[in-house]
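Since the structure comes first, as structure tokens, the remarks are kept for the end.
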Amino acid sequence: MTYTLVLLRHGESEWNAKNLFTGWVDAKLSAAGEDEARRGGRLLAEADLLPDVVHTSLLRRAINTAELALSEAARSWIPVKRSWRLNERHYGALQGKDKAQTLAEFGEEQFMTWRRSYDTPPPPIEPGSEFSQDGDPRYRALAPEVNPSAECLKDVLERMLPYWYDGIVPDLRAGRTVLVAAHGNSLRALVKHLDGVGDDAIVGLNIPTGMPLRYELDERTLKPVVAGGEYLDPETAAKAAAAVAAQGKK
Ligand SMILES: O=C(O)[C@@H](CO)OP(=O)(O)O
């Protein structure tokens, strides 16, 4: 027997469209992103891959993607659980900055270190600055030592895993088909964990917006039966992942 897990990165956000570093900023879906979310839901319905429960971050691009996709698959009624632990990576002082300008200003090596290195975080965000989460009521309950000011992927993995073990795995163990609607980097962290991707190899892995990625997990080991999972629309997903990799370079 296997457990079924579906990962869905939110559709394109208004800040993705503007090529801005986003992180914990609560950018809305763009009109194209809403369409991507609906298309994701149609793919789920066509594959008869109907979630029994959905987990999202606290950011509206993931929340709204889940709502649009589930509505399209006639599953709006399923239980929903949310956690800050599924949030996008906190991009520190880069939040709100243009990716192309940042690349031009700091050069490719520094830019890629900040975007994709496993263990080097970007510079921390200034407390109380325009794009900081200070004062945001959704994070009021967080202890200061877990409320980030910048994160590398390693930090994301460490804060995401407790939710994987305590929030998501129990739903899988109960035999539920689980949808996780989250973000490029929080899902990269989860994929790294599931597939055992090495610290160097994860640099080259990009997750496209709005494309459902299905994993069947072995019931004993909770490891994927097919490494890397399976995109429901693999051709479009591969093109879209290449476009994410190239961001900033246009
Ligand atoms: O800006 C961000 O928060 C992320 C996801 O959109 O970007 P990147 O792919 O550059 O990590």
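Each Cβ is built from the backbone N, Cα and C atoms, and glycine gets one as well.
Automatic, uncurated: that is what TrEMBL annotation is.
According to TrEMBL, the protein carries these features:
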- 9-16, 22-23, Arg61, 88-91, Lys99, 115-116, 184-185: substrate binding site (BINDING)
- His10: active site, tele-phosphohistidine intermediate (ACT_SITE)
- Glu88: active site, proton donor/acceptor (ACT_SITE)
- His183: site 'Transition state stabilizer' (SITE)
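All features noted in TrEMBL, drawn onto the structure.
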residue: Arg9; record: substrate binding site; DSSP class: strand
residue: Trp15; record: substrate binding site; DSSP class: helix
residue: Gly23; record: substrate binding site; DSSP class: coil
residue: Glu88; record: active site, proton donor/acceptor; DSSP class: coil
residue: Lys99; record: substrate binding site; DSSP class: helix
residue: His183; record: site 'Transition state stabilizer'; DSSP class: coil
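Take the recorded positions Glu12, Glu88: by the count of other Cβ atoms within 10 Å of each Cβ, the lowest one is Glu12. Among the recorded positions listed (Arg9, His10, Glu12, Gly23), Gly23 have a CB atom closer than 6 Å to some atom of ligand 1, in sequence order. Take the binding-site residues Gly23, Gly184: by the count of other Cβ atoms within 10 Å of each Cβ, the lowest one is Gly184.
Scoring each of the recorded positions (Arg9, Arg89, His183) by how many neighbouring Cβ atoms lie within 10 Å, the top position goes to Arg9. The subset of recorded positions (Gly23, Arg89, His183, Gly184) lying with their Cα within 10 Å of the Cα of the residue listed as 'active site, tele-phosphohistidine intermediate' consists of His183, Gly184, given in sequence order.
Listed recorded positions: His10, Lys99; maximum Cβ neighbour count within 10 Å falls on His10. In sequence order, Thr22, Val25, Ala27 make up the list of same-chain residues 6 or more apart from Trp15 (substrate binding site) whose Cβ falls under 8 Å from its Cβ.
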